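As written in Swiss-Prot, here are the features:
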SIGNAL    1-16  signal peptide
DISULFID  Cys37-Cys63  disulfide bond
CARBOHYD  Asn47  N-linked glycosylation site
CARBOHYD  Asn103  N-linked glycosylation site
CARBOHYD  Asn124  N-linked glycosylation site
CARBOHYD  Asn152  N-linked glycosylation site
ACT_SITE  Asp215  active site, proton donor
DISULFID  Cys217-Cys234  disulfide bond
CARBOHYD  Asn235  N-linked glycosylation site
CARBOHYD  Asn250  N-linked glycosylation site
CARBOHYD  Asn263  N-linked glycosylation site
CARBOHYD  Asn276  N-linked glycosylation site
CARBOHYD  Asn281  N-linked glycosylation site
DISULFID  Cys338-Cys344  disulfide bond
CARBOHYD  Asn346  N-linked glycosylation site
DISULFID  Cys366-Cys375  disulfide bond
CARBOHYD  Asn380  N-linked glycosylation site
Amino acid sequence: MLVTSLIALLPAIAAAQVSGTVGPRTSASAKAAEKVCNVLDYGASANSTIDIGPPLKEAFQDCQTGGLVYIPEGDYLLSSWVSLVYGSGWALQLDGIIYRDKNVTDGGNMIFIEHTSDIEIFSNNSAGAIQGYGYLFHEQDEYGPRILRLNNVTDFSVHDLILVDSPAYFLNLVESYNGEVYNMVIRGASMGGLDGIDISGANYWIHDVEVTNGDECVTVKSPSANVRVENVFCNHSGGCAMGSLGTDTNISNIEFENIYTYNSTQMYMIKSNGGNGTVTNCSFKNFIGYSNAYMLDLDTYWGDESDGDGIKYENIGFENWKGTSSNGIQRSPIRILCPDANPCTNITLTAVELWTDTGDYVKQECSSAYGEGECLRQQNGTLASYSFTTTITSVPVTAYSPTTTMPGLISTSMDTTTSIPIPTIPTSFFPGASAYSTLMANM
């Protein structure tokens, strides 16, 4: 059904780290009242027989300065990738399902949006999806195109969409501003290089999303500022992260809160090696995670080394973390490994209680890290390099809790050799928390 009512209220966010409003400046209903460009009127077919690429481009050209591009319910074949560039005040309503043509092996981006503002990409039935059939690349240890990439976009939202089996990254937000992403499911194979949501830019609110993949769940990259991420369900994923970071890093005012991570690579990892620049004023609060390889991990010796003595990490807090690692003896649940030549300062750990699924003790590792909590050293005078490992044998009382489960846990890896089914979007993404926005299908 074509949108006929106000579908997106400009959010008033109380989050401290987001500066001002995010999302489109005008509603999709207002855009639709100005003009509707239905792809069926431009030669598209809803039975997956004709390439939707050219009709989608033509529809966009007619609506790019004000209007709504409409893809009704049905199945659509995408054989030629689409670039939607320039314009402002437009929306893309995807109520059908777009399928990548299995015979097309081009890289790049299936849908690329650039140099535009005041836009909304959404599904009015909360069932709009893009199926990338990435397994046809992955079974040969290869990668293909990203599903959706936004570059230099301002005042936008992406919501009520399902992205499935991407041949590479799923949703890539590059140096964009004032963006909101919510009510989404991303589901891909258990393979590296399949990032869920990648962010760089400023003033984002990412909330109420579920990600299954083999690499980052939601990750912040440089440069980034004023980003709030909350109510995220990393369901058999790589887990949330920051990085990898290198030279000229510039990240500040980042908040992650209410993050549930199950059977993933990490609960949260900040990763760099060498490099320079700063990461400052970051908060990671209310994390629950079970059966993850890494847990709380700030590792400045990760991956290939960049030029420089190390990034300066300061004013970073971790608060109210609960859960278990798959093997807390093999990989310490708490690892804060900072550059010897540039120690971390003002790092705080508060109510961080992590245990192990395997064994009867865990390790904690800190090096050149100063602040309060666990194995951190207090800042008293000279910030000398150090390395310290301690063993914990007492089980934290709140590390296990029968009330902290989520429905639909995925315990086995998504295969890289078979097609992945299209899931549905849930209404909750963190235990006890309802989504901020009602699904479009329920409005």
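Using N, Cα and C of the backbone, Cβ positions are placed for all residues, glycine too.
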Q. Just checking, which of Asn124, Asn235, Asn276, Asn380 (glycosylation sites) has the fewest C-beta atoms within 10 Å of its C-beta?
A. Asn380
Q. Relative to the Cα of Asn235 (N-linked glycosylation site), which of the recorded positions Cys37, Asn152, Asn263, Asn281, Asn346, Cys375 have a Cα no more than 10 Å away?
A. Asn263
Q.
Using CB atoms and a 10 A radius, I'd like the single residue among the glycosylation sites Asn47, Asn103, Asn346 with the highest neighbour count.
A. Asn346
Q. Taking the glycosylation sites one at a time (Asn152, Asn250, Asn263, Asn281), which has its Cβ surrounded by the most other Cβ atoms within 10 Å?
A. Asn263
Q. Rounded to a whole number, how many Å is the Cα of Cys344 (disulfide bond) away from the Cα of Asn380 (N-linked glycosylation site)?
A. 13
Q) How far is it from Asn263 (N-linked glycosylation site) to Cys234 (disulfide bond), counting Cα to Cα, in Å? A) 9
Q: Determine the minimum-neighbour residue: among Cys63, Cys344, listed as disulfide-bonded residues, which Cβ has the fewest other Cβ atoms within 10 angstroms?
A: Cys63
Q. Since the record lists Cys37, Cys234, Cys338, Cys375 as disulfide-bonded residues, which of them has the fewest other Cβ atoms within 10 Å of its Cβ?
A. Cys375
Q) Using a Cβ-Cβ cut-off under 8 angstroms and a sequence gap of six or more, which residues of the chain neighbour Cys366 (disulfide bond)? A) Ile334, Ile336, Leu337, Glu374, Cys375, Leu376, Arg377, Tyr386, Ser387, Phe388, Thr389
